[in-house]
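K.L.:
Okay, these came from Swiss-Prot:
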type: DISULFID; residues: Cys156-Cys224; note: disulfide bond
type: DISULFID; residues: Cys157-Cys189; note: disulfide bond
type: DISULFID; residues: Cys173-Cys183; note: disulfide bond
type: DISULFID; residues: Cys190-Cys203; note: disulfide bond
type: CARBOHYD; residues: Asn172; note: N-linked glycosylation site
type: TOPO_DOM; residues: 1-24; note: topological domain 'Cytoplasmic'
type: TOPO_DOM; residues: 46-64; note: topological domain 'Extracellular'
type: TOPO_DOM; residues: 86-96; note: topological domain 'Cytoplasmic'
type: TOPO_DOM; residues: 118-235; note: topological domain 'Extracellular'
type: TOPO_DOM; residues: 257-283; note: topological domain 'Cytoplasmic'
type: TRANSMEM; residues: 25-45; note: transmembrane segment
type: TRANSMEM; residues: 65-85; note: transmembrane segment
type: TRANSMEM; residues: 97-117; note: transmembrane segment
type: TRANSMEM; residues: 236-256; note: transmembrane segment
Amino acid sequence: MARRPRAPAASGEEFSFVSPLVKYLLFFFNMLFWVISMVMVAVGVYARLMKHAEAALACLAVDPAILLIVVGVLMFLLTFCGCIGSLRENICLLQTFSLCLTAVFLLQLAAGILGFVFSDKARGKVSEIINNAIVHYRDDLDLQNLIDFGQKKFSCCGGISYKDWSQNMYFNCSEDNPSRERCSVPYSCCLPTPDQAVINTMCGQGMQAFDYLEASKVIYTNGCIDKLVNWIHSNLFLLGGVALGLAIPQLVGILLSQILVNQIKDQIKLQLYNQQHRADPWY
């Protein structure tokens, strides 16, 4: 009676440990963020090119466009490893993707924990960033719009108080300051007037020369740091939800990549096993 020794081997070769669901789910997951990263880089580069070179170089460290480009490039490289690694079933790229994503997640977690544990130092760092932004207020249009939005949103002016605007060369109160905005504050510090159809951009003229009581009739006198801290304390659940929303995609990416890596390793072992037993007529 004729034997069919190679039928099980053929059956074994048709079987694969690699799940198409996991493979393509990870691929499309990375593809989505890959596209988002390219949009971020494109927007950042466009915003950068639209600025004057001198103004852009003056405040490179606080330029939102630079931050957008850096985050976009890092996300692009990370998701590129995930896309190609999952599509080509490349263990090296998948491990790189998983390790980098784990490092990003741990850094975010550590930053959040340290921010709560060392709240005073975090507050000092925020104060330093805000003061640096005030200094470069007129140098960068994006930064200027961001500060104006923040002061309107939180009903505040400056870092600690409205007099922090004296750090800016245009708003400085020194007698030798030739600027027309000397001792003033930006219009975003002004109290809203419901019946005013057109925004008065000169409403903050000379406000730093007044004391708190007099200035409070026209502008916000409280600093943005205290307002920001109070807002954070009042919206902890919202911030927790945002943090969770950022963490879940990262954890999903780490989990899927590790599952796929283990499946690829099992598939490699199966292929090696089949190759070693092909010479066996009873296999």
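Cβ coordinates are placed from backbone N, Cα and C, and glycine is handled just like the others.
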K.L.:
Taking Cα-Cα distance, which of the disulfide-bonded residues Cys156, Cys183, Cys189 are within 10 Å of the residue listed as 'N-linked glycosylation site'?
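P.N.:
Taking Cys156, Cys183, Cys189 one by one, the ones whose Cα falls within 10 Å of the residue listed as 'N-linked glycosylation site' are Cys183.
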K.L.:
Under a three-state reduction of DSSP output, how is Cys190 (disulfide bond) classified: helix, strand, or coil?
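P.N.:
Once the DSSP labels are grouped into three classes, Cys190 (disulfide bond) ends up as strand.
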K.L.:
What three-state secondary structure does DSSP assign to Cys156 (disulfide bond)?
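P.N.:
In the DSSP reduction, Cys156 (disulfide bond) maps to coil.
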K.L.:
What number of additional C-beta atoms lies within 10 angstroms of the C-beta atom of Cys203 (disulfide bond)?
P.N.:
19
K.L.:
Same chain only, please: residues at least 6 beyond the ends of the transmembrane segment (25-45) with a C-beta under 8 Å from a C-beta of the stretch. Say none if there are none.
P.N.:
65-69, 71-73, 75-76, 79-80, 82-83, 86-87, 97, 249, 252-253, 256-257, 260
K.L.:
Work out the three-state DSSP category of Cys173 (disulfide bond).
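P.N.:
The residue in question, Cys173 (disulfide bond), is coil (DSSP, three-state).
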K.L.:
List the Cα distance (Å, whole number) between Cys173 (disulfide bond) and Cys157 (disulfide bond).
P.N.:
16
K.L.:
Tell me, what is the mean pLDDT of the topological domain 'Extracellular' (46-64)?
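P.N.:
Over the topological domain 'Extracellular' (46-64), the predicted model scores a mean pLDDT of 62.
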K.L.:
In sequence order, which residues at least six apart in the same chain have a CB under 8 Å from the CB of Cys189 (disulfide bond)?
P.N.:
Gln151, Cys156, Cys157, Gly158, Tyr162, Trp165, Gly204, Met207, Ile219, Tyr220
